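The Mn(2+) binding site annotation in TrEMBL covers 69, 377, 419, 455. According to TrEMBL, the feature phosphoenolpyruvate binding site maps to 108, 314, 345.
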């Protein structure tokens, strides 16, 4: 029998990656203030994402989880947010074109401020200081490392501002599939990349024009439980926010006991009635447990087991097969569909050694999951010039190996989790943080525009390189099977439309 859960029951458990605040009373006052601020997301939106994830789990979609390793307050600008959303939309369009299934877009945005660290302190210029834990904890300057609860409140308002502007973009022509060229390729140097994207854009415009000509403009047919989170115009897209649920004081403050939207299914194999209200984390649509905080008896797992949001769990090479099964039993005891996404992050040379056992363990315990590949975090190294970096070839190797193992194990890779950015400097150039790609970025170029506070990110051009490679892989798999979908039908499915539906 599981212990009773409350938003604060995690406090009775051991906690990893805890932040040591000098003034606990100050922390309590800030947390109490956040508890009375409005939610950032709604139950209807969370349930709509849950619905989309059940389709991915059933093989009818793919997840694109992407954005910064860690957001910064100073990067909360019109230009940066626009470029980031534009890159996510561009990547998803390329992936959609090759895979011919709906893409569920989940951004690492509007709350991804905290970062775990391997050590609580670091040495800078011969002085030992508290490690930088992200803008919602302390400052990047060595003189500003004392954890400050007020930064948690600032994170709420920066998240609110970011999400508000993202919503505005998504309901404007910027996010319309009728106008993909507005997502900007001006700074992409590769003529072949530009040509490929233009080709897809032109084909998409033709397909949309055809559906409008024949009158295939239906309404949203997602069930009553997603009303209020739907789209009413063909050509618009859905987008969801996410972050690592690392700062449990903040997550507890943003956890609200709210009504479940009418008509919401239970998502269990044997349908059962739902309570009228439940606990939602209203700071984001989707949250995940990191590889450093997934201990089954600790605080983070205790917190995550009680929220209704769909959740992710990072799975690295240190995860034992039986540990994974036990973890799933704790966070999803009723084996609900669309609840858990497993995000594997092994390293390019370790996939074959660990993924087959993890797939077998999940299959044996009967838990429904979505498998997603994170090819970033297991492939970080320090360059000869002293920069933390990743090589594009290692990222591709891990994705390719993961696809091959899933195929061999009669499993399915349901998406990718990436760290990339559309961020540009004042001269309009992309960041230089990861090596390789079609631009053949070398170690001597890393210092030119290395801007990350945390881990290195793919830039716009490298991200599109990966998008086209993934798209080609899914296209080959699709063409090798007998299930080839018509372009018009896929576009309608992508937007949650039916020819005879109603809003």
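From the backbone N, Cα and C atoms, a Cβ is placed for every residue, glycine too.
The Cβ of residue 314 (phosphoenolpyruvate binding site) lies under 8 Å from the Cβ of 288, 289, 290, 291, 294, 343, 345, 374, 377, each of which sits 6+ residues away along the same chain. Residues listed for phosphoenolpyruvate, 108, 314, 345, cover a largest CA to CA span of 16 Å. Each of the binding-site residues 419, 455 was scored by the number of other CB atoms within 10 A of its CB, and the lowest score belongs to 455. Across the structure, residue 419 (Mn(2+) binding site) and residue 108 (phosphoenolpyruvate binding site) place their CA atoms 8 angstrom apart. Straight-line distance linking the Cα atoms of residue 455 (Mn(2+) binding site) and residue 108 (phosphoenolpyruvate binding site), rounded to a whole number, equals 13 Å. Those same-chain residues not listed among 69, 377, 419, 455 yet with C-beta within 8 angstroms of the centroid of the Mn(2+) site C-beta atoms are 376, 380, 454, 456, 457.
In this view, residue 108 (phosphoenolpyruvate binding site) is surrounded by 26 other Cβ atoms within 10 Å of its Cβ, with every protein chain counted. The Cβ of residue 377 (Mn(2+) binding site) has 21 other Cβ atoms within 10 Å, all protein chains considered. For the phosphoenolpyruvate site, the Cβ centre of 108, 314, 345 serves as reference, and the other residues of the chain with Cβ at most 8 Å from it are 65, 244, 288, 290, 291, 312, 343, 374, 376, 377, 417.
You'll find the Cα of residue 69 (Mn(2+) binding site) roughly 8 Å from the Cα of residue 108 (phosphoenolpyruvate binding site).
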